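Colleague: Just lifted these from TrEMBL, have a look:
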DOMAIN    A:43-319  domain 'PRMT5 TIM barrel'
DOMAIN    A:334-498  domain 'PRMT5 arginine-N-methyltransferase'
BINDING   A:Tyr360, A:Lys369, A:Tyr370, A:Glu423, A:Asp450, A:Met451  S-adenosyl-L-methionine binding site
SITE      A:Phe363  site 'Critical for specifying symmetric addition of methyl groups'
ACT_SITE  A:Glu469  active site, proton donor/acceptor
ACT_SITE  A:Glu478  active site, proton donor/acceptor
DOMAIN    A:501-775  domain 'PRMT5 oligomerisation'
REGION    A:681-749  region 'Disordered'
COMPBIAS  A:687-700  compositional bias 'Pro residues'
COMPBIAS  A:725-736  compositional bias 'Pro residues'
2 protein chains.
Amino acid sequence: MDSTPVALRFTLPELTQLLQSKEEKPDTSALFQIIEETRSSRYDSVCIPLTNDKWRQRWHEMCIVEDETKPRDPSAEQKAELWRSGVVAFKREEVIPTTLDEATSIIGLASDWIYLDSPDEWVRHDSELALLQELAYANYLSISNVILPPPRNREHVASYARAVNAALGSLGYTSKTQLSIRLPVYYPSVAPKISSETVSVVPPSEKDIGTSWEIWDSIRSICDSNPRLSISLDLTPPLPPSATLLQRWFGEPLRHVFLPAASFIPNAKGYPVLTKATQSFIRDVVKLRPTIILSQVSAKVHTAGGSSSYLQYVRHLEKTSPAIVAQETEGTVENFSKGWHDWLQAPLQPLQDNLGSLTYDIFERCPAKYDQYEKAVCLALLDRPPNKPINIYVVGAGRGPLVDCSFRALERSGRKASIFAVEKNPSAFVTLQERNQTSWSSQVRLIYGDMRKMPLPPDNEKADIIVSELLGSFGDNELSPECLDGVMRILKPNGTSIPVSYTAFLAPLSSSKLFHEVRSRDQALKDAETPYVVSLQAVNILSGSGNESRSSTQCGPKIQECWDFIHPRKDAILDLQGFPITNSHNNRSVKLKFHIPTAGTLHGFAGYFEAVLYGDIGLSIHPDRMHNISPNMTSWFPLFFPLKDALYLPENSELHVSIWRLSDKQRVWYEWHAENFLPVSVTAPEPRSPPRTASPPPAPRHGATLRPTTPGATISPLLDALSPLVPPGSPSPPPGGRGGGRSLPQIGTGLTKSATTLVKIGQTNLHNPGGRSSWYGL
Amino acid sequence: MDSTPVALRFTLPELTQLLQSKEEKPDTSALFQIIEETRSSRYDSVCIPLTNDKWRQRWHEMCIVEDETKPRDPSAEQKAELWRSGVVAFKREEVIPTTLDEATSIIGLASDWIYLDSPDEWVRHDSELALLQELAYANYLSISNVILPPPRNREHVASYARAVNAALGSLGYTSKTQLSIRLPVYYPSVAPKISSETVSVVPPSEKDIGTSWEIWDSIRSICDSNPRLSISLDLTPPLPPSATLLQRWFGEPLRHVFLPAASFIPNAKGYPVLTKATQSFIRDVVKLRPTIILSQVSAKVHTAGGSSSYLQYVRHLEKTSPAIVAQETEGTVENFSKGWHDWLQAPLQPLQDNLGSLTYDIFERCPAKYDQYEKAVCLALLDRPPNKPINIYVVGAGRGPLVDCSFRALERSGRKASIFAVEKNPSAFVTLQERNQTSWSSQVRLIYGDMRKMPLPPDNEKADIIVSELLGSFGDNELSPECLDGVMRILKPNGTSIPVSYTAFLAPLSSSKLFHEVRSRDQALKDAETPYVVSLQAVNILSGSGNESRSSTQCGPKIQECWDFIHPRKDAILDLQGFPITNSHNNRSVKLKFHIPTAGTLHGFAGYFEAVLYGDIGLSIHPDRMHNISPNMTSWFPLFFPLKDALYLPENSELHVSIWRLSDKQRVWYEWHAENFLPVSVTAPEPRSPPRTASPPPAPRHGATLRPTTPGATISPLLDALSPLVPPGSPSPPPGGRGGGRSLPQIGTGLTKSATTLVKIGQTNLHNPGGRSSWYGL
């Protein structure tokens, strides 16, 4: 197991003292000795400032006007101008590391007096030059991580971020140096009271915590999500009791976590431990493998345990992290997913492409899934009258795992049945023939061909049970609806499809990592039109449960149902051969409303599915239900629907997501779009005169829109446009299957009169494959 | 003059009656006769439905379930499926135009029963198919404009827009057909009362008007600002008295304006006229040349004037439109700008590139500018003590217009002076030599070379007055500050620069047209990083005057000052040769806060400048002041700072814009960025415990951030991060020049306690040329 890296941080005074205590040797500098000693105490690296007080003093003398009322010393200004012009370099005694050997294990801290968001334009200007100079030096030494001082001024965060962006641009493409923004886990809205020994801090409000993230989001956005930019989260301020407020950091590029000794509390015996909230956060965050930066371990902040106890405690938390434990346990989804986290894969198109044996092999390695199939077939068999002949068709049999399931189900149920296996992949059909001879005693009737085109069997050979495994991560995305539609011709009138139905689910997510992965692809714009199969890890689901919403309209739960498909269709209009005339009935659309409790950046949507195989036997990758419905099933990672551009979602906003499943004769594809709203209180009622004297007449059954224009009327024929608009938030038809019944609209009765209105504040692009390649071929 | 096109619309009943009254002739169809007659009545085109009631009936029978409680007629469903599958075409008798001849002058109306935003998924589906079928037919006939029925359902606007996007995609790249969305000028929030003869309509609220635009914005956005998509604004609902609410449409692609006879009112004599608000709107809108679509002109809605009076009245409004009148008057800015509206030009770089004689020739055609220079030089001369020798240097003399000004000023003031002319363009220097012989009696001392590098003259030949015309549309964008800095060495201690100073101004704007122009360029992303010179026409400035804002922070006026430059600098730090050591003092940055009174889509910023030449003589392209300061000056169009992506700004939001002028040794460039906020009322005070018992101690003069870390302190050295953040909305230093004085920050005292907080709702990218070509070479 790769363990979480841990670094030890030395402050400038600590380091100065230590350096003085060492003897310089010809081959081993004092600093290198300190680094070696630290590493031999099992730290992975050392976090130190790049420069010292001499540099601070020189910069200060040049660039800071001590007293504005006195005339400026022209020689200081002259010195500053010469420095700005680039003709003055660092002096040897102003910097701390100087050799490549030292630099290898260093996390560098840029000078903490660099004040990129000062209200003073000159201080900003000269801070930026100082930063560039320090970074150029770090880059020269190949120091791979430099941590920048935290932003301090919300008003000038754009200036801070612009300077960071310039710094990133100054590094050059071949540089190994990455920048990390030091960010307190929250900014207190009131100043802490500082006495000589202790700090008393007011517990943070939700807003304080949000501000920290909001500042980061501005910086990230201005730096165009530069992959070389990360966060160093500073846990110096005590964590709030509710760790859910920290979820947002899991979608962000978290590279370092500052954990000074002072943020540990003593346990009963005086040993340093962390508060419950911090324990829980650390246990969670280790799965993202940030470097934990300890500090002041030798400052005797705690009476027991000594300097090594902090590191030991962190290692203990890591070992008892549920995420890490699950990853280390054979047979779990977490164990299976190791190495696949946040890796984008194009979804399979088993209908269009014939799969290789290796792909089938991976599928078949999930015993949990086939256990469910076995149970489902067994239940379906038991629901059939005994002593009647039963035909089981395995359609899309592949290399035969569902044939195996069917045999096991027959044995388990004590029933008898004929088994047929249909497969269109000519190569897999060879395997089926071999298995029929070797494993199935030639009892299986093998049928070669596309299930949608197979010849109609005689009535007594029609199917009682059709078993298929055509589901994708979003249920229908591998075209199960279309394939099963095509094979329903061979099902007996009271026959059963396994699966009986499946449902697609969606949730909005934030993930810097996935956003960057999509954008860094060769054809970034095109590639943002395709959903991907991904094991979601560095991801934050942005939606809350709808009932937290303070707004007037009704939001649904955190993860919402899009639509479902049921087999066989009840309302099928078929041609003479039993085929659907069009695929219109497999088109779907839904509009979902998510409540966003805390601010976040929308990067896309997570797609999940849940299927009813038969009775109460199901398959699920819905995060909240998978462990109950189909535990340890590893066959599917979620689907990720990306966005081309990130969308900022403020706290307490409402995200209205439209997603469509569309098709034509050759293809099936998805389109998606979102609008974002914020409930805003209307303090004064809107003036409206004259008052409405009577209710409008009820709209005719089929609405004005389908009425022919009245001949000879003197009112404008465009008067339809005067019908009150159906406002957002009006009830939608419930999601689900498309029934045969459809009717014309009931026009809404007008806008809500509540004191809160939903104000639109943003939207995404429409994501659609256009005429391009990101659809699924029929 | 191109006049505004006017079309006549026939409703289906009107058209049916007319068609029946005509005889079909072998070469001239009944429809073609109607079209010809209409055109001979001075209409430019005819607006008619593409299909008739027969098609409506067939679609309705196939696709609409009349009564959901009764079982569906399977044969109707079968017919619908066959139609959906594409095997059924239009019947001849279902469509109205059939020949290319007819189609040439037609604006087609798609069937008004097409209901793309129906709450019923099947109605949406079948409406989309019907639309595609009608558009394919219009495309076949090369009908260039098809108007779609209006959106009716805010809840399903995304579905409406997705279908329109699919329709646009169906047309093919070579198609001439454009789509236009019919949009009522507002959606009433309550239903109109309709009696048999009249319609009584409740006056619209601001919100009603906003809804119409908001719906359009969603459609436009989902269709990715497709340039083939436009608006047909329907003025059937009576206009609100305040026409400022309609300003937003001037930034949009307005192609048609529906103006039915019923929206005219009778004047005292019974002739049709329009209300004041509508008159004013029509007079304004004609400058964008939309097609005005009249209708019901023969329905005798008014007692006097007859059917031609409506058209006559529209022509009258056009002729009395202030915009059109100004365009037709020689010597006005409007007249000069004709043909240049919304045309993107790269700003000149006269420092880097030597201009051609033709470019100088265009410059010199603006007498207004040189009049101002003449006055300024004259005033400056009069302010000098008489009888002392005066040296005037014209720097960047070009072909000599400012030399001419100087001579005229000498004559006017009755003073004497030596005139020197400095020019670095070797070709223009030839013209200067010629003009010195022919026009200036060889009285001008010509100096060839870059003014920043010219040799220092002896003291008695140094300049009393330096005259230059180095200003760009944004003041400093043609590097006037850098050029003048370089030439100040030759100015006497009490010498004067003309101009004395100049100021840059900025305002946020919306313009579909400009946004599209930038995006359609070859290197769209790169090209969105450069400002352009543009005569702004189809543009809407989004900001309001700050005092309309209901929020707690202070917004500035509609057009805000960014920064200024003053010559000569007072605080110059120079090297021994008299040159500035760095260009840092010419860097600028400002953060501006604009109030956005009505929702709009931000596409970029308009940049203007104003200069003080001398005394009270100035140059200005600030829209509100140019007519007073320098009337009829045509030398500069505004600058346009584009955005890569549009940003939605809701009503009553606050736009915080940061813009920087940056430089290094070789280049000067601008970067810009905006964040958007919405004031949201906080109903309950935030819980905060324990209560603050004492005020925090005042921050030390130079802030925690520049204090050295206290050695040996047990509190975390990262505690600085616990300083309260300076919140947004804290006072910024006033814009203007950068003085020598600078100091460290006064940390703010915490967040505002008002009941309204600013919630961040969005942001733009940072726009910067990032090492690429969009900077100005020094």
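Backbone N, Cα and C atoms are what each Cβ position is placed from, and that goes for glycine too.
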Colleague: In whole Å, how far is A:Glu469 (active site, proton donor/acceptor) from A:Tyr360 (S-adenosyl-L-methionine binding site) when you measure between their Cα atoms?
Modeller: 12
Colleague: Do you know offhand how many angstrom separate A:Phe363 (site 'Critical for specifying symmetric addition of methyl groups') and A:Lys369 (S-adenosyl-L-methionine binding site) by C-alpha?
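Modeller: Cα-Cα distance, A:Phe363 (site 'Critical for specifying symmetric addition of methyl groups') to A:Lys369 (S-adenosyl-L-methionine binding site): 9 Å.
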Colleague: Can you tell me the three-state DSSP label for A:Glu423 (S-adenosyl-L-methionine binding site)?
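Modeller: DSSP assigns A:Glu423 (S-adenosyl-L-methionine binding site) to strand.
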Colleague: Between all pairs in A:Tyr360, A:Lys369, A:Tyr370, A:Glu423, A:Asp450, A:Met451 (listed as S-adenosyl-L-methionine binders), what's the biggest Cα distance, rounded to the nearest Å?
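Modeller: Max Cα-Cα spread across the S-adenosyl-L-methionine binders: 24 Å.
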Colleague: Measuring CB to CB from A:Glu478 (active site, proton donor/acceptor), give everything in the same chain under 8 Å that is also at least six residues away in sequence.
Modeller: A:Pro347, A:Leu348, A:Gln349, A:Pro350, A:Leu351, A:Leu470, A:Leu471, A:Gly472, A:Tyr776
Colleague: Return the residue, from the listed binding-site residues A:Lys369, A:Asp450, with the maximum count of other C-beta atoms within 10 angstroms of its C-beta.
Modeller: A:Lys369
Colleague: Any idea what the model's mean pLDDT is for the domain 'PRMT5 oligomerisation' (A:501-775)?
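Modeller: PLDDT averaged over the stretch: 77.
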Colleague: Inside 10 Å of the Cβ of A:Phe363 (site 'Critical for specifying symmetric addition of methyl groups'), count up the other Cβ atoms and send me the figure.
Modeller: 18
Colleague: With every protein chain in view, what's the tally of Cβ atoms within 10 Å of the Cβ of A:Glu423 (S-adenosyl-L-methionine binding site), excluding that atom itself?
Modeller: 25
Colleague: Between A:Glu469 (active site, proton donor/acceptor) and A:Tyr370 (S-adenosyl-L-methionine binding site), what is the CA-CA distance rounded to a whole number of Å?
Modeller: 10
Colleague: List, in sequence order, the same-chain residues at least six positions removed whose CB sits under 8 Å from that of A:Tyr370 (S-adenosyl-L-methionine binding site)?
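Modeller: The list for A:Tyr370 (S-adenosyl-L-methionine binding site) reads A:Glu364, A:Pro401, A:Leu402, A:Asp404, A:Cys405, given in order along the sequence.
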Colleague: Can you check which residue among the recorded positions A:Tyr360, A:Glu469 has the largest number of Cβ atoms within 10 Å of its own?
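Modeller: Its Cβ has the most other Cβ atoms within 10 Å: A:Glu469.
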